[in-house]
Amino acid sequence: MEVAALAAATSRPLALLSTAPSRRLPAVLPPRSFSGRRLRPSPRPRGLGCVGDGAARRGSARKGGMLVRSSSSASVESATQEEGADSSGEWSGDAIRRRFLDFYASRGHKILPSSSLVPDDPTVFLTIAGMLQFKPIFLGKEPRRVPCATTSQKCIRTNDIENVGRTTRHQTFFEMLGNFSFGDYFKKEAITWAWELTTKEFGLPPERLWISVFEDDDEAFSIWHNEVGVPKERIKRLGEDDNFWTSGATGPCGPCSEIYYDFHPERGSTDADLGDDSRFIEFYNLVFMQYNKKDDGSLEPLKQKNIDTGMGLERMARILQKVPNNYETDLIFPIIEKAASMAIVSYTTADDAIKTNLKIIGDHMRAVVYLISDGVIPSNIGRGYVVRRLIRRVVRTCRLIGIRGDGHGNSEGAFLPSLAEVAIRLSTEIDPDVESRRKSILGELQREELRFVQTLERGEKLLDELLDEALLSAGNNGGKCSLSGKDVFLLYDTYGFPVEITAEIAGERGVSVDMKGFDIEMENQRKQSQAAHNVVKLSVGNDTEIVKSIPDTEFLGYDYLSATAVVKGILVNGNPVNDVSEGSDVEILLDRTPFYAESGGQVGDNGFLYVYGKEDRQQKAVIEINDVQKSLGNIFVHKGTIKQGSVEVGKEIDAAVDAKLRQGAKAHHTATHLLQSALKSVIGSETSQAGSLVAFDRLRFDFNFHRPLSEEELVEIESLVNQWVSHATHLETKVMDLQDAKNAGAIAMFGEKYGEQVRVVEVPGVSMELCGGTHVSNTAEIRGFKIISEQGIASGVRRIEAVAGDAFVEYVCARDNYMRRLCSSLKAKAEDVNGRVETVLEELRTTRNEVSSLRGKIAVLKAASLASKATTVEPQNVRYGRPSLPVSPFPHSVFTIFSCY
């Protein structure tokens, strides 16, 4: 499990260009120059057979369905550079990734793909750890699909963003290589395999490796020393803060063991500090998840002990490629080279300030490319704010080092797309989907940059003035030099300056920022713009005990709207009970159900559960179901109210779905698929889904697009959908392997999590999507489709609301009724209403002008009438009240008084 948090910084320009345009390095590098160094190819051909050579090899193999492992392990003294690692060669990042995955695949691990940076877990803001996709398995809420797995997981952390570029190892985006055991193997295998991978496969000199273990973990210490052979002086016992992993106040936990690389072994082992970044780097962390932490703080052994590990790919690349920091590896450096060429500077000869800025650019560009690819669009809230903050930080940093224009001769163009092109080329083996989303990524970056640049110069000028005032005020008063919270908010709200950038610029000039004042000005938005959660919380509670006795719910709803079932559990206010009576709100768990549970944007079914007597089949209880949710893995929770009688665990019930409402959901779900295809056809295939709602009476579809749709486009989209509806096409559904479905062109639904086997819903010739929802069997069942509204809901995100099926008919009938009333009021036919309304409006405008003119004439007449009644009075006859008026210097002057009576 990765314990270290990774993250970002700033600075300015120089001259001289020594780097050629970058190309993505192949996975196994051919002999060629890379930034002044010669990279040699990876020592052996790749493939699953590369670890075993066909002969019996130390480790393990699958025989007859069993995992057979050898107990032998290499000692430190004898572990030399065998086949599989050539100490004189350098490795590409892609080769390191493949070697790690292949190594564990040959030891019975299933290679699984990286999950999205947008996690399926609502308690986590962004994916920050390799183990996140396995959290339900570690909690026991989902059954393991494989006994052990290995992944290369995309991760984002921004909690230490100010350190990016300033230290050798902090990043916002990074890859975490991991091997995981779900009750299969444990401490001994995890340690011996980690050592074998590190010393034999990657060829790291054993004498340069140090080990940390938890201070009380004698078992791990013994394995490292007695079986692996690491000398005692290179095994450090560390305390709970460093080497004991916990998920929170309660839940799974356990000791850690970490492998460190020593850059300076000549310093000896006396008083060596593993926290010394100038000497050591931790690159592989092994978590032995063996305890459950209870409410009272005591530890109890877990029945199923798990392994959770993390190796930082960029850190291992730094070690194997022999570069001074993570940024100069082939995973990031090509982006830095591109930025340097656009700034017309040489990274090699640049000063530290420029190097820092180039590292920030290299790191942040990777982060924003992968975030946008995974559907996170720049905005002022939530995850979108993280992307916007990173983009604006890159823009400002690029301008600081002198980058202007798009790099293709357009001095007013955006430069981020040119940098993103390099990041996209580097993404092929990490996430192939990034390349397919190239157009939308580049378009979003261009729009966001140009939007920011429009206000950046004005904002920078204002900020300079505010800082000058703050410095002057502090100089005159001898007080603390600070920028007020109101000024910071003004920069944020009016000029789009993230508060972090304002703080950075102010800090460069020695001015602090009043963050408390800013928080007061913008409390709600401030909460939403917090950096990513940095802890993956696991907890073991009552629900875990329930799930042990309740199997997954069998879903019958694709084929049936009613079925008999057995009550397996009842919850009231979240607590399990054996029986419950009339009037209570309950959550009922069944062994099987025709009710669809909310997922994929589709709402849960409504309906009724009936309890009948065994002998007389008389109705004993009625439970009205108003929602169904998935919980505890794949268990369906039927939420409702007991309208009559009582129900208890173990009773047989009849479950009946409301057929009319289900038909509405089916029509809207299939219409949503058709809508997405129509959007791609009309406005471009690069548009992608950003969210959806499939309700009984409407649908809502959010999609990524940079402008409002025109009336003509909406008409064309609507027409296309209705055309497909009228074709009366039969839908086809099939279950396929996930990769086969993707290869066939199936589109994945936004925010959904898929297993190895997926359900594919196809409208032949129109749409093919991975979808577990319910659908009509023929498009004719949709009856009709009508767009109700189209609007923007966030920067770069549009929303269409529409109706289909019975809701379409009701909507059209209601509109027709409104039109009939309007025709009656206007005394006009439907086709003449527009002309009649325009005539009425013109008459109204004319009448208003006439009224305005008459009012003016009346005012003139009233003034003339008043003037005719005026009388003249000599000054001496006028009495003044207090305050007294000054005596007129003209004693014979005359005052004219208007008489109002």
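Placed from the backbone N, Cα and C atoms, the Cβ positions cover glycine too.
Any TrEMBL annotation is an automated prediction that lacks curation.
Among the features that TrEMBL reports, region 'Disordered' is placed at 31-90.
What TrEMBL records for 45-58 (among others) is compositional bias 'Low complexity'.
The compositional bias 'Low complexity' annotation in TrEMBL covers 70-79 (among others).
What TrEMBL records for 91-814 is domain 'Alanyl-transfer RNA synthetases family profile'.
Taken from TrEMBL, the feature Zn(2+) binding site applies to H669, H673, C771, H775. Of all Cβ atoms in the protein chains displayed, 25 besides its own lie within 10 Å of the Cβ of H669 (Zn(2+) binding site).
Note: the Zn(2+) site is recorded as H669, H673, C771, H775; in the same chain, K666, T670, T672, V694, V761, E769, G773, T774 also have Cβ atoms within 8 Å of that site's Cβ centroid. Looking just at the domain 'Alanyl-transfer RNA synthetases family profile' (91-814), the mean pLDDT is 89.
Spatially close to H673 (Zn(2+) binding site) yet at least six residues away along the chain are V761, V763, S767, E769, C771, H775, judged by Cβ distances under 8 angstroms.
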